[in-house]
Amino acid sequence: MTKKALSAVILAAGKGTRMYSDLPKVLHTIAGKPMVKHVIDTAHQLGAENIHLIYGHGGDVMRTHLANEQVNWVLQTEQLGTAHAVQQAAPFFKDNENIVVLYGDAPLITKETLEKLIDAKPENGIALLTVNLDNPTGYGRIIRENGNVVAIVEQKDANADQLNIKEVNTGVMVSDGASFKKWLARVGNNNAQGEYYLTDLIALANQDNCQVVAVQATDVMEVEGANNRLQLAALERYLQNKQASKLLLEGVMIYDPARFDLRGTLEHGKDVEIDVNVIIEGNVKLGDRVKIGAGCVLKNVVIGNDVEIKPYSVLEDSIVGEKAAIGPFSRLRPGAELAAETHVGNFVEIKKSTVGKGSKVNHLTYVGDSEIGSNCNIGAGVITCNYDGANKFKTIIGDDVFVGSDTQLVAPVKVANGATIGAGTTITRDVGENELVITRVAQRHIQGWQRPIKKK
């Protein structure tokens, strides 16, 4: 049977008062990504042709944060309940397409669970996602007859037998566009809150003799929402543990899964080791036998085989060749490219520069807008002076160059192959091949020197 086209509605208009934040609730992040972005991505994975994003509070902020998302922005000017929210998108529904209703503050719903829900949807009926809770207090109970859902009874309206039911409503549901439009038009607001509830569709479907089936989520965390920062932290830790468990099963040695954060994607080789408190952001690729020390932050980097990144190093938008050694306390800024067998040591910062094979930059050095050849030694305290207050300039260093400690290279400047620069030198002109350059003043010895005495 040919599958129906699919569109998604994501409810994301809530303010999130209990977050105590100026940021709309659904923009708070899980694993480095706004909660609603997780839901949008899942809808895309499902193959949704249209994603209708219902927004309200903080609309300008929402549009700014999600400017690149392929969604249909649907404004809910007043928040009058879940059915009212979906009503705002109903004019965009096609009669013969399936519509799945999702929630922007429930970010962990999976493609696999939603596929089961969509497959279970009866013709002209509703498929409802439910979950079994050990403590269902406060949730709407699922009432079944002959396996079908005939009602959702709220806590305050439930009798003693109904209160013992563990199966509860999640709010996630699927029906076709024509049915949604028909039932949404009939939803009333005759309740204490004066709001329009999506749960009323269950009773309306049963009135029309349309089947309502329930599919149970196997993991309660899939449907958990975050209304406050405590719940947000619980979702974060759950997802991080899930991601760490997957990596462990793939052969990555994560020394403490509870102290590992993946806020993007990680592609890895064999025998990778990751110590505690490491943060992975953006898209990171690690080769075979890479070792990441404690407290490192890696963002959008490619790391070759047999590289060791020692503790508390920060790498961003950089490339590191095989058998290199980085850190501890190194910083690679965007545009840093290190060839194979390079060494970058403690308190070294490299930005928008290339370092050739086998070269060493081991201590207390800044390299910016530079090209360093192979087999060079850059001493402690070397500075490439790349900025004149208005523009950046390049420093180009050839192969087999030795740069002594406390040297300043005032760009634009070139140092040819084999040159040696003495410690304490300031380079302002190009250096020729195999030259020795020293600019420091001659050392003087003054006998009988008397240091100044403090005045009392």
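Note: Cβ is positioned from N, Cα and C throughout, glycine not excepted.
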Which one, ALA340, ALA419, ALA423, is listed by Swiss-Prot in the same acetyl-CoA site as ALA380, ASN386, TYR387, SER405, ARG440?
ALA423
May I ask which residues of the same chain, at least 6 positions away in sequence, place their Cβ under 8 angstroms from the Cβ of ASN386 (acetyl-CoA binding site)?
GLY368, ASP369, SER370, LYS392, PHE393, LYS394, THR395, ALA411
Just checking, which of GLY81, GLY104 (binding-site residues) has the fewest C-beta atoms within 10 Å of its C-beta?
GLY81
Which one is it, among the recorded positions HIS363, TYR387, SER405, that lies nearest to GLY14 (UDP-N-acetyl-alpha-D-glucosamine binding site) by Cα separation?
TYR387
Any idea what the Cα distance is from ARG440 (acetyl-CoA binding site) over to LEU11 (UDP-N-acetyl-alpha-D-glucosamine binding site), rounded to a whole Å?
69
Site extent for acetyl-CoA (largest Cα pair distance over ALA380, ASN386, TYR387, SER405, ALA423, ARG440, Å):
23
Do me a favour and check the Cα-Cα span between TYR387 (acetyl-CoA binding site) and ARG333 (UDP-N-acetyl-alpha-D-glucosamine binding site); whole Å is fine.
16
Report, as a single number, how many Cβ atoms besides its own are within 10 Å of the Cβ of ARG333 (UDP-N-acetyl-alpha-D-glucosamine binding site).
17
Using other CB atoms within 10 angstroms as the count, which residue among the binding-site residues ASP105, GLU154 scores least?
GLU154
